[in-house]
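Remarks on the structure that follows.
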Amino acid sequence: MAVAALALLALLPQALGQHNSSYVDYNVEANPDLFPQCLDTISLSFPDCQSGPLSKNLVCDSTASPYDRAAALVSLFTLEELIANTGNTSPGVPRLGLPPYQVWSEALHGLGRANFTDNGALHAGRPSFPSPILSAAAFNRTLINQIASIISTQGRAFNNAGRFGLDVYSPNINTFRHPVWGRGQETPGEDAYTLTAAYAYEYITGIQGGVNPEHLKLAATAKHFAGYDIENWDNHSRLGNDVNITQQDLAEYYTPQFLVAARDAHVHSFMCSYNAVNGVPSCSNTFFLQTLLRDTFSFVDHGYVSGDCGAVYGVFNPHGYAANEPSAAADAILAGTDIDCGTSYQYHFNESITTGAVARDDIERGFIRLYANLVELGYFDGNSSSSNPYRSLGWPDVQKTDAWNISYEAAVEGIVLLKNDGTLPLASPSEGKNKSIALIGPWANATTQLQGNYYGDAPYLISPVDAFTAAGYTVHYAPGTEISTNSTANFSAALSAARAADTIVFLGGIDNTIEAEAQDRSSIAWPGNQLELISQLAAQKSDDQPLVVYQMGGGQVDSSSLKFNAKVNALLWGGYPGQSGGLALRDILTGARAPAGRLTTTQYPAAYAESFSALDMNLRPNETTQNPGQTYMWYTGEPVYAFGHGLFYTTFNASSAQAAKTKYTFNITDLTSAAHPDTTTVGQRTLFNFTASITNSGQRDSDYTALVYANTSTAGPSPYPNKWLVGFDRLAAVAKEGGTAELNVPVAVDRLARVDEAGNTVLFPGRYEVALNNEREVVVEVELVGEQVVLLKWPEEVQGVAGDE
């Protein structure tokens, strides 16, 4: 890499020669054309603070503050060296003994962009987890934290071997607003206020080693800030989208999870997004990067902002916000984009400085932030575990995490039972039934499909065919069709396989061929002719032959025809279940494990996605634009399956806990003037605990997932949302035949707040209901009295230059 570093340094005098007059139309093309060095995965090494050139510099003094140590290092750089290191692929400074560094690593649900070449034990396997959309469906905060903690242990082990960075471009905490979005699979789902915010907190603190850890484990990145949730719908590229978002929707839906990431989880990095919001590209938006992140959301003092890869260039092309590339680089650095994932800074800062648009101090500010993080990560502390316990982690430490079982558990806990007429769970072959099974559909023998996108390099991939074969079933496998084809050439083989089996399982839906980064769906109907094949399977089967359908993929498809087809005995959603996916899918069907997942997105009828523009970011319904309302909070139609839907193999009964109150009255002034020593803000104080007694009156042990919603028709401005999520929990293994468990979900003061048109989060007087699950099994009435109080004032949007430290 030393050669590559010198090569990049040599390019700097030619920076103006990189200008290209034949520009790609990124208003349509959704994949940026990045320079090769931006994509490098390099072999990492560490500065020598014992006897190297930096050993006498303050950066190697572990008693100094991270900021002072980083500033001392950066002060040694020449201007050319400083500019050369402003991209994600940093060549280092050879004369100072500062090694090359790669900022861009991935950890969405496993390590990505690591150096996976063969290296003995490290190459033996890397745990790869289910996609976030499936793990989140478990509604288990502890599980999310476990996954992130395991990934960070793995990341540190690879980092110590020089194969992975210390910063990760994860998690993706944009909300899955519109069902066509290709990257919704990377997110926890469509709820911002509670689910995605909780996911962000657990994932970030798992990655970083805690809230304020003594030693930072890895630096997480909250992405993509902000208003990013479309790839290429109707030829509108994510790179050029300029979306209109009201201050009310920004505050209520598009940013609260980022507030939690900054204020509560203390995330160390943010990524600004490709798109523009209200005319201003996110990476040159001082309102986003300074006013919101640093002044309002309490982003950590020396946290840094990275542009998405190619987004700084995008300020010029396609957004046209800057007149040329040097101006785009200047706009971005002055707005608060500290590091460019790309090469715009490296190639164009010389001209920006020459014209006076940027000063050295502006560049230093961002670079000091990055290196202050590396100081906190122990990058300059040598390889002794006494100075940093993470510097000694290796593959044996990864093996101790039980990662492989946790990956399986995440898949099992997230699978959602949508429909069941009593057919499931299947009797096992050992009971003399269902000895043969037909596995049909484009997911029936899935391996790489199981992973979704941005996956870690898995040690193994267990397909459904492999899993059922290993369990002693006689498997009749016939794909029958593909994800998007209309060819019926293989139907006959599938129908024959079904006739030969005791049980039919169809596994299909969507996959990364039609939902992915840079690729949205044009429809939310089942693609190709999969439904036609299922219909034929249903028509020919005998009455005592079970037909079960697994709907796979991150986004939802309209399964209404399956819901109402009596010959389809059961329907499940399986997401992207990861390396042990086949086992998880099998064990749910056979009853080895009981389903308790719930949908984190609404399953809409197919006509929903055709009724209004996917670029309409307004959540509230609007007759003029034919927007029927977006997400479970505002949708005015009838969903196929609602957000939070999920069935069990047993019967649960919920009732008010003994001695629990079902009515509360609170004075707003008293609430908001009370001391809150255990929380950052008064809004985070617990208002009351929602409690219920959960009894399993059925015949199977099972986990129980609880979603707690609030609604009002009197408090705050109209229109009123249908409801909104205020809390959730998962109770483990509630025993069958009368076993009970106590549910206790704290409801914070700000969970009952609403957002006004100016974007202020306000606690309004009025009557509220807080209810358990979509079925409203237990309802608590809450009345807030007195004058309304603003809990969080939304700042005025003013574009300008980000302030100094």
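If you go along the chain as it appears here, the first residue is 1 and each next one adds 1.
Backbone N, Cα and C define each Cβ position, glycine as well.
Among the candidates Asn88, Asn667, the residue that Swiss-Prot annotates as N-linked glycosylation site is Asn667.
Take the Cα of Asn653 (N-linked glycosylation site) and measure to each of the glycosylation sites Asn140, Asn405, Asn445, Asn486, Asn622: the nearest one is Asn140.
With Asn350 (N-linked glycosylation site) as the anchor, the candidate recorded positions are Asn115, Asp308, Asn434, Asn445, Asn486, and the one with the nearest CA is Asp308. The DSSP secondary structure for Asn445 (N-linked glycosylation site) is coil. Candidate glycosylation sites: Asn115, Asn244, Asn445, Asn622. Nearest to Asn486 (N-linked glycosylation site) by Cα distance: Asn445. The number of other Cβ atoms within 10 Å of the Cβ belonging to Asn115 (N-linked glycosylation site), over all protein chains shown, comes to 16.
Listed in sequence order, Asp616 are the same-chain residues six or more apart from Asn622 (N-linked glycosylation site) with CB atoms under 8 A from its CB.
Rounded to a whole number, the distance between the Cα atoms of Asn115 (N-linked glycosylation site) and Asn383 (N-linked glycosylation site) is 20 Å. Local packing around the glycosylation sites Asn140, Asn653 was summarised as the count of other Cβ atoms within 10 Å of each Cβ; on this measure the leading residue is Asn140.
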